[in-house]
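Over in TrEMBL, the protein carries these features:
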| type | residues | note |
| --- | --- | --- |
| TRANSMEM | A:12-36 | transmembrane segment |
| TRANSMEM | A:74-91 | transmembrane segment |
| TRANSMEM | A:103-123 | transmembrane segment |
| TRANSMEM | A:130-151 | transmembrane segment |
| TRANSMEM | A:163-184 | transmembrane segment |
| TRANSMEM | A:205-225 | transmembrane segment |
| TRANSMEM | A:252-281 | transmembrane segment |
| TRANSMEM | A:293-315 | transmembrane segment |
| TRANSMEM | A:321-339 | transmembrane segment |
Amino acid sequence: MKKEKKGNQYIFPLVIILLFSVVCSASLGSANLTVLDSLKIIADRIPVLKNLIKTEMIPEVYTRIVWDIRMPRILFAGLTGCGLSVVGAAFQGLFRNPLADPHILGVSSGAAAGATIAMLSGIGFTIMGFGVIGVFAFLGALLTVLIVYRISCVGNKLPVVNILLTGTAISTMLSSLISLLMTFHHNQIEKVYLWTLGSFSAASWSKVVFLTIFVFVCTIVIFIFSKELDVILTGNETAESLGIDTAKIKKIIIVSASLLVAACVSVSGIIGFVGLVVPHCIRILSGPKHQKLIPLTGIGGAVFMIFCDTIARTAAAPSEIPVGVITAMLGTPYFIYLLQRNKRKQVFV
Amino acid sequence: MKRKWKPEESGEMKITELSWKPSKGQASILKGINCVFERGNFYGIIGPNGSGKTSLLKNIMRFVESTEGDIELDSIDLRKYKRREMAGKVSLVPQNTHMEAAFSVYDIVMMGRMPYQRRFEPDTEKDREIVLEAMRLTDCIHLKEKEVSLLSGGEAQRVAAARAIAQDTQWIILDEPISNLDVKHQAEMMNALLYLKEKKEKTIIAVLHDINIAATYCSKIVMMKDGKIYSSGKTEEVLTKENLSNVYEIAFEILENDETKRKYYVPCL
């Protein structure tokens, strides 16, 4: 059947675009390299390609810039974009709500509150390469999800309305808490504010590894339940009558998605918009089936975030524009264009 | 997953002393329901608004936890079934069939095959045949590629019925399956259900509002009032002037066609 193929043909081009944007981004910056040089430097680290490539012509400092500074940052941005977009797609399906985004359950506000407390208290330590801010943010995120989850549970069930409202309420409360803390610590306002806007400037290989684990494991878990998400999208009771334990699926998706968001947010701050818009854009290509939507969204989110971060670090060099600003300013016009173009067709779900 | 159920199971659905209230402190909606649904029948559940028809179906589908009492299917407590096992035995056409999703009608009907498919397993030729057959029975084959969110109320209802038929279960439960259909499609839907009962030996339980339709198609009637079963049994035994006027609180007249001997139930408005 022709229709069955819909969506799959985009995987390959998107992967090519992803690789292309990684290499391009790696060659852009204050030290301008040719695309070919940065490609060589990256390929030099890949076991099989290593022997085929000569990098002697490239100065050592360039190798260091590309491999030690730019690559971790690019991968870091890509992984965050992928994670946030996948969670957005999963939440939009699970909650049957086109406005759902990764921050809807209050995970991100929890992370921000944790980070703020760490910054203001002035404790300093590092665990396995992670600063106290990241650790507190991660714990804050997990604690918040736990609270939201406990409050919205009714018996064995987890009503969507409950969880959305509780998430929003807790989120608002935590934002107020952050504001309160900031009013008592005037001198730190800028630091806290910039953290919440999100940035990839503190990238490192250890963070990349940390994020890779979370992004891959959680994305695979969400991907496994693609068919269930499809059916849940048509209604809770319908899904149950078709043999799906919706309560169980909801829990699994919420837990893995929250872990993923917690991981992303605690190392990169709160980057909005990606998780909301990328799934909608991809859905126009892939159709509503999650088996196609989830992988495409992951790749699309990574490309989008790498693109935005490259602009964030190069457009106003040597100073940086917060990446969250770029995502919204670039994403919105494009999203509106897509909405206009597809006016007759329904964009969401 | 392998099919754990055997199609030839004896099978009846036995409801004993079933009571249900939505939450603590609220009034009971179902009050001590006792009833047995036997295989191979076409049951019509009738009764006025708020008499507990949909609540009964919700309890049978286990969308809610029963407060008291038991429901047994094939002599096993419903609570012991896994959802997936249940989905191989009982299918449902819900009351609200509107779907706000971009799936095609074909995709939706194919979801009826979920209980039999492994994860990531592509649809088999058999699945496709069953789906197309179900769509033919409910007259929605021409809608195949149409997006479900764009369907009319009646079309959506037929698609939901097609999905339940594609699920190919012994029990098919329908909550007001013809409420949005025009007369022609009402007859077609009921004929399709009758066909499933007669030719495929399915058991149909349908909540119906049209007494004449219930009288024409159903072999048995369960009449509900105030969360209790007022009367149940063979259609003509339940649908008496007295029962109808007591349950609906409006007088009924029963007219009989001299030639066909068909009875017509007319409320005295």
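Cβ atoms here come from the backbone N, Cα and C positions, even for glycine.
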Region pair the transmembrane segment (A:293-315) / the transmembrane segment (A:74-91), three or more CB pairs under 8 Å:
yes
For the transmembrane segment (A:130-151) against the transmembrane segment (A:12-36), do we get 3 or more Cβ-Cβ pairs below 8 Å once near-sequence pairs (under 6 apart) are dropped?
no
Does the transmembrane segment (A:74-91) reach the transmembrane segment (A:252-281), going by 3 or more CB pairs under 8 Å (6 or more apart in sequence)?
yes
Given a Cβ distance threshold of under 8 angstroms, which distant residues of the chain, six or more beyond its ends, lie next to the transmembrane segment (A:321-339)?
77, 194, 197-200, 269-274, 277-278, 280-281, 284, 304-305, 307-309, 311-312, 315, 347
Sort out for me which stretch, of A:12-36, A:163-184, A:205-225, A:252-281, has the most Cβ pairs below 8 angstroms to the transmembrane segment (A:103-123).
A:163-184
So what's near the transmembrane segment (A:252-281) in sequence-distant terms, Cβ-Cβ under 8 Å and 6+ beyond its ends?
76-77, 79-81, 83-92, 94, 98-103, 105, 107-108, 110-112, 114-115, 130, 134-135, 137-138, 140-142, 145, 149, 158, 163, 195-200, 202, 207, 210-211, 214-215, 217-219, 221-222, 225, 229, 293, 297, 300-301, 304-305, 323-324, 327-328, 331-332, 334-335, 338, 347-348
